[in-house]
Amino acid sequence: MNEMDKATLTEEIRTALRMIIDPEIGKNIVDLGLVYDIVVEEGGVVYVTMTTTTRFCPATDFLKEAVQACVWYVPGVEYAEVRLTYEPPWTPQMMLDVA
Amino acid sequence: MPGATLSRWTMSYFAAACLMLVAAQGLMVAGYGYPFADRGAPETLVVVHLVAIGWLSLLMAGALLQFVPVLIARPVIGGRFAVPALLLLLGGLGLLLGGFVALSGALDPPFVLLPVGGVMLLAGFGLFAGILVVTLYSARPLPLPARFVATGLAALVGATLIGSAFTVALSGLAEGPLLDRLVADGVALHAALGLGGWLSATAIGVSYRLFSMFLLAPEVERSTSRAALWGASLAVGLVAAAAIFVLSGFFGAELLFAAALLFTLLAVFFYGADVLNIYRGRKRKQAELNIRASFAALGLFALSILFLNVPALRTGDIVAAVVYLFVFGWLTGLGLAQLYKIVAFLTWLEAYGPVLGRAPVPRVQDLVNERHADILFRLYYGAVVVATLSLVAGTNGLFRMAVAGQLFVTLCLIREFIRARRLSIVPAALRAPAGMVRPHLFLPLSAFQGDK
């Protein structure tokens with residue numbers, strides 16, 4: 001898997017994650033800036049670092065599991081791991097203009 | 001870091017609370033209690049405790065079981081005691097009301113119902129407070145909103161202890177100068193600790209977080225927020241000190257109470273400034289209905305506390321009208337407004353959380369019809385203002401009509417809550433994706449991802 005393949009897979013994952021909405025805001029988690037990082041490694045191993053709008057929001061587990069499930073279904077992904085972080089904490093300024 | 005879980009029994013607390021609000025307003029419409037009876041009459045005490053314990057305290061308890069973890073970023077410890085606490089509270093309230101009915105002479109149940117009810121309420125609130133105290137203790141140092149909750153819990157303990165002493169005195173189970181003094185001069189302190197300390201301080205704390213969350217505003221711990229906390233905490237401390245003065249027969253309890261009201265007014269001023277700052281700093285263009293309706297409640301909160309600080313308005317029937325405005329304008333208005341949002345939010349999590357990322361799902365907003373509810377909230381606040389003014393004017397017929405209006409709106413809002421729970425408003429195409437779990441009306445699902 002060369003760098004271009006990794007970049008392509010990263011973009012496909014990002015596109016797939018756009019189907020997941022934050023239930024409260026109703027916008028997708030990518031445009032909201034909740035997906036901090038997507039790292040694709042050799043063999044289709046993927047690490048996603050994400051956050052939620054509110055620390056310990058009751059939707060946290062559901063969002064994390066949704067990201068996990070969504071990434072697994074992207075062709076080319078062999079292993080996916082989702083890490084939840086609050087460093088830095090999400091702020092509304094992290095939203096993309098389209099959100 | 002693990003995510004928060006759903007509180008299993010919050011919706012059951014909410015359902016019981018809504019039924020109590022309907023019952024209390026129904027009794028008032030039927031002409032039971034004040035202003036058709038004396039302010040201290042047993043019939044009035046039935047209505048007052050149905051509202052304060054049955055409606056407001058159960059609502060607040062259910063909300064705290066769900067939202068304290070959001071305030072402190074830790075799960076609730078001992079959530080399994082939420083059901084015994086609810087049963088004790090419901091049983092205790094039932095016995096307490098039975099005791100008041102016995103006092104009124106309408107029926108002939110034994111007076112001992114009062115102290116037994118008092119003990120059960122003490123146990124129920126004690127168990128509930130225990131869950132939250134242990135949970136909050138595990139999260140020290142507490143963020144500012146959680147410190148309001150801690151202040152509220154301290155006030156709850158005070159209000160419950162005084163209330164239990166009242167049940168002993170009123171039933172005639174025990175006598176003595178201590179109890180006599182408390183019954184004569186402690187009613188306002190009992191009410192202040194319950195309605196002001198427990199329900200209002202806690203509501204303020206939770207609202208700091210919920211307003212920022214729902215308005216997408218940055219959470220900043222401002223100096224005004226700390227001033228509001230100090231004001232509220234000092235007020236609770238002063239009322240508790242006044243209760244000790246009353247018990248001891250010392251002079252000066254009234255002065256302490258007046259000082260507590262002044263500190264409360266300052267706290268409300270700083271809290272109002274904070275809410276304004278949160279609103280101005282919001283990223284969300286338009287505030288949702290639950291926020292707009294909460295602002296109306298906040299306005300009535302400030303107004304009623306302002307009135308209570310005028311000594312001339314703390315006497316006679318006027319104070320009853322101001323307390324009515326406080327209870328139905330501020331606490332009930334805020335409660336219904338937040339319930340409107342929370343029911344939809346928790347229902348969404350139960351129904352669509354498990355299929356998120358696997359199928360297209362609706363937004364939380366798709367579970368409600370804001371245009372319809374917007375009219376209901378306008379009617380509600382209008383009815384509360386008319387009811388308050390009719391109490392001032394002494395026009396009891398108009399008061400009944402206004403409360404009937406409140407009751408009508410309450411029933412309509414409960415219908416909206418049920419429609420949200422039933423997913424009736426969700427567009428058909430998104431309503432039932434494969435794997436979706438249809439929530440029960442108010443009982444938890446058997447295989448529920450709830451607290452332990």
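Placement of Cβ uses the backbone N, Cα and C atoms for every residue, glycine included.
Unlike curated entries, TrEMBL annotations are predicted automatically.
Database features (TrEMBL):
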TRANSMEM  B:12-34  transmembrane segment
TRANSMEM  B:46-73  transmembrane segment
TRANSMEM  B:85-107  transmembrane segment
TRANSMEM  B:113-136  transmembrane segment
TRANSMEM  B:148-171  transmembrane segment
TRANSMEM  B:191-216  transmembrane segment
TRANSMEM  B:228-251  transmembrane segment
TRANSMEM  B:257-279  transmembrane segment
TRANSMEM  B:291-312  transmembrane segment
TRANSMEM  B:318-340  transmembrane segment
TRANSMEM  B:375-393  transmembrane segment
Would the transmembrane segment (B:228-251) and the transmembrane segment (B:12-34) count as touching if the test is at least 3 Cβ pairs under 8 Å, pairs 6 or more apart?
no
Distal contacts, the transmembrane segment (B:12-34) - CB-CB under 8 A, six or more residues away:
41, 43-48, 50-51, 53-56, 58-59, 61-62, 65, 82-83, 86, 90, 93, 320, 332, 339, 342-343, 396, 399-400, 403-404, 406-407, 410-411, 414, 417, 441-444
What parts of the chain pack near the transmembrane segment (B:148-171), using Cβ distances under 8 Å and only residues at least 6 beyond its ends?
64, 68, 71, 96, 99, 103, 111-115, 117-119, 121-122, 125-126, 129, 132-133, 136, 142, 179-180, 182-183, 186, 189-190, 193-194, 196-202, 204-206, 208, 229, 232-233, 236, 239-240, 243
Segment proximity, the transmembrane segment (B:113-136) to the transmembrane segment (B:291-312), 3 or more C-beta pairs under 8 Å:
no
Cβ under 8 Å, sequence separation of at least 6 from the ends of the transmembrane segment (B:85-107): give me the contacting residues as numbers and ranges.
9, 12-13, 16, 20, 41-43, 45-46, 49-50, 53-54, 57-58, 61, 113-125, 127-128, 131, 167, 170-171
